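Enquirer: Okay, handing you the structure first.
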Amino acid sequence: MELRSWLLWVVAAAGAVVLLAADAQGQKIFTNTWAVHIPGGPAVADRVAQKHGFHNLGQIFGDYYHFWHRAVTKRSLSPHRPRHSRLQREPQVKWLEQQVAKRRAKRDVYQEPTDPKFPQQWYLSGVTQRDLNVKEAWAQGFTGHGIVVSILDDGIEKNHPDLAGNYDPGASFDVNDQDPDPQPRYTQMNDNRHGTRCAGEVAAVANNGVCGVGVAYNARIGGVRMLDGEVTDAVEARSLGLNPNHIHIYSASWGPEDDGKTVDGPARLAEEAFFRGVSQGRGGLGSIFVWASGNGGREHDSCNCDGYTNSIYTLSISSATQFGNVPWYSEACSSTLATTYSSGNQNEKQIVTTDLRQKCTESHTGTSASAPLAAGIIALTLEANKNLTWRDMQHLVVQTSKPAHLNADDWATNGVGRKVSHSYGYGLLDAGAMVALAQNWTTVAPQRKCIVEILVEPKDIGKRLEVRKAVTACLGEPNHITRLEHVQARLTLSYNRRGDLAIHLISPMGTRSTLLAARPHDYSADGFNDWAFMTTHSWDEDPAGEWVLEIENTSEANNYGTLTKFTLVLYGTAPEGLSTPPESSGCKTLTSSQACVVCEEGYSLHQKSCVQHCPPGFIPQVLDTHYSTENDVEIIRASVCTPCHASCATCQGPAPTDCLSCPSHASLDPVEQTCSRQSQSSRESRPQQQPPALRPEVEMEPRLQAGLASHLPEVLAGLSCLIIVLIFGIVFLFLHRCSGFSFRGVKVYTMDRGLISYKGLPPEAWQEECPSDSEEDEGRGERTAFIKDQSAL
């Protein structure tokens, strides 16, 4: 028996050697597949294939089909004449050919970059597998060619020798000074180096003898100068909406203050820019917004209190150190999707990239450095498949990210078997895996949104509140969901010390997401007003079943507050057939995969098919649509079913002022045609009135406390001002008394009689200096005024 196995092995090896030799000599190698021309449609082709033992692999195009036979050798030096002849005699077969294996080589020759600092880019080419597997994506031939990335920041040095070759003016603008030039403003401290550093991570030119290389070193790179001046809602919106059909990826490494007490996010215009980007950008495929998760770790901040990283429209990226640990600056939250490398402790390496004044740096740090690395990997992935939507990209990240080599105490396995962490999301991005999966990716079904009103009456939070609700995920409705993507818990609550709250959401499949951890520096009594806490931890789970919201007071203090509204918002998909699709016909142009890209007149494109009437929540619009041919991407003007604005249920246009009807939680303004949320007072259930004699005293105390709490900030502010004025007056009188000052003006106060010592500073002689007008103007030029505080991460 052993001899027989050995002989079989020898024969197989010899056959392989013969095939390799034949291949090298240019001889034909026949496969076990045939191309067959059979008019009459797929059913006729299936019958012919089945009759002769073939399997129909599908339509090549028109009446040409791809047949495969299990019994035929996969690779042979001679054709299989018997099978070929029997199939040829079939009257329905007009032509056939046994397929021959052809040698094809990618014309991108991969060579390791020769840039001087490339060996120091450990996160691209690690020898211990602690890297982002970027070299594997390069080896597959993907370097970012044809992809455009814009850095939304303080400008980029467009003439930097490692950026100039890839600079794209169409992806650049100076919103601060209203001109097309994003060149940063130079200062002594090089304050505006942030954008240039981020740009180099994405697309620093390769093999030019300067610095290192970008992740997508053949991508086009631009920058928007928008942080070096007044940052307003309009400034953010203009930046986020710049050239959305030219720019593929926007990378942002900034956000509200990471001080552990701020709750802030995009205002109306920026939120609209996000929505327009994902619904209309890239010809309807959706702009991709990559966001740094935040640097507030030392302040115990939560990135779920940052409305930019907490948005479903952004791909939020966290950081890991060289040794796979959570950095000291990292924020943990349930909205983070994945991680790339960045800086850590003093003994760990940092990020190599371009720097101001045409220099290089080896010390780029923070989540600022993580987001551009992710943007570069996403650029490689888009080159592999330019038809990916913004949601496709998030699915690819979830499916390919790697938890290995990352250390954290909170790794958990969700309901579909994936490991997920509040510090790392689904793990490290893997560039090689992403481009490999992207090449044959099937576009995900259109996004569905199911809104479930959970709370029907206000509930006292006390020490701990638990709200349970069984949901069907909109079963029986067109927006029924069976596979989750993002989940939002929209909460309105009051609490006398917001930072003591911890909030958790448990899915029907048992995944526990921390929506909010305690924030010791948050003393606010403002609570949350319809704040959308988002989690990605239940991705691909079935949302049907019991959801549990837990709110707890993490301190020993006798805090108090009320949960007045809880809306669960589910985003996801369902298999085709679970809801009735709109009528479909009228396709004018099909791709090779039988997806419709252009419809006949009177039809609109929806879910890869053509419909006469767009479904509720969509409107027909003529847009530029992109689709890939064999060698290029074509742009075609076509009528497409475009989603209504997020605030509308149905609409007559994409703007928030085009609403025809509203979701259940909002009301329609018939004049403005906008949907506005009901005021908090109208949402609160009024308690039933009791006769005064029957009201126990314990009911009066919470109301009194709540009343005091509502005015507490104003009272404290007034007392503080009064105390400051009194102290200032006492010190003023004391100093003038000591210096012999007379209110009649007989003596003049001078400082040469003594010293003034400030706490925390060494005593030194104080001299009052009045700056000249020129000095004052120069100083004003060096200062930056922010209407809306932003911090570079």
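Any Cβ shown, glycine's included, is placed from N, Cα and C.
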Enquirer: Quick one: Swiss-Prot says CYS360 makes a disulfide with which of CYS198, CYS211, CYS587, CYS596?
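Expert: Looking through CYS198, CYS211, CYS587, CYS596, the record in Swiss-Prot gives CYS211 as the partner of CYS360.
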Enquirer: Do you know which of ASP115, ASP258, ASP259, ASP264 Swiss-Prot groups with ASP162, VAL205, ASN208, VAL210, GLY212 in the Ca(2+) 1 site?
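Expert: Record source Swiss-Prot; matching candidate: ASP115.
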Enquirer: Please identify which of ASP228, ASP233, ASP301, ASP355 is recorded by Swiss-Prot as part of the Ca(2+) 3 site containing ASP258, GLU331.
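Expert: The one candidate that Swiss-Prot places in that Ca(2+) 3 site: ASP301.
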Enquirer: Pick from 79-85, 772-778: which stretch is listed in Swiss-Prot under motif 'Trans Golgi network signal'?
Expert: 772-778
Enquirer: In the structure shown, which of the binding-site residues ASP174, ASP181, GLU236, ASP258, ASP306 has the fewest Cβ neighbours within 10 Å?
Expert: ASP181
Enquirer: Run through the region 'Disordered' (160-182) and tell me, per DSSP, how many residues are helix, strand and coil.
Expert: 6 helix, 4 strand, 13 coil
Enquirer: How does the domain 'P/Homo B' (444-576) divide up by DSSP, counting helix, then strand, then coil residues?
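Expert: Going through the domain 'P/Homo B' (444-576) residue by residue, I get 3 helix, 70 strand, 60 coil.
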Enquirer: I'm checking region-level scores; what's the whole-number mean pLDDT for the domain 'P/Homo B' (444-576)?
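Expert: That region's mean pLDDT is 97.
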Enquirer: Tell me which of the recorded positions ASP153, ASP174, ASP179, ASP258 ends up closest to ASN387 (N-linked glycosylation site) in space, Cα to Cα.
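Expert: Going through ASP153, ASP174, ASP179, ASP258 one by one, the Cα closest to that of ASN387 (N-linked glycosylation site) is ASP153.
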Enquirer: Using Cα coordinates, what distance in whole Å links GLU236 (substrate binding site) and CYS450 (disulfide bond)?
Expert: 29
Enquirer: Whole-number Å only: compute the distance from the Cα of SER293 (substrate binding site) to the Cα of CYS303 (disulfide bond).
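Expert: SER293 (substrate binding site) to CYS303 (disulfide bond), Cα-Cα distance: 6 Å.
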Enquirer: Looking at the recorded positions ASP174, HIS194, CYS303, ASN440, which ones sit with their CA no more than 10 Å from the CA of ASP154 (substrate binding site)?
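Expert: Checking each Cα against ASP154 (substrate binding site), the hits are ASP174, HIS194.
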Enquirer: I'm trying to understand the geometry here, so how far is the Cα atom of ASP258 (substrate binding site) from the Cα atom of CYS303 (disulfide bond), in Å to the nearest whole number?
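Expert: About 9 Å separate the Cα atoms of these two residues.
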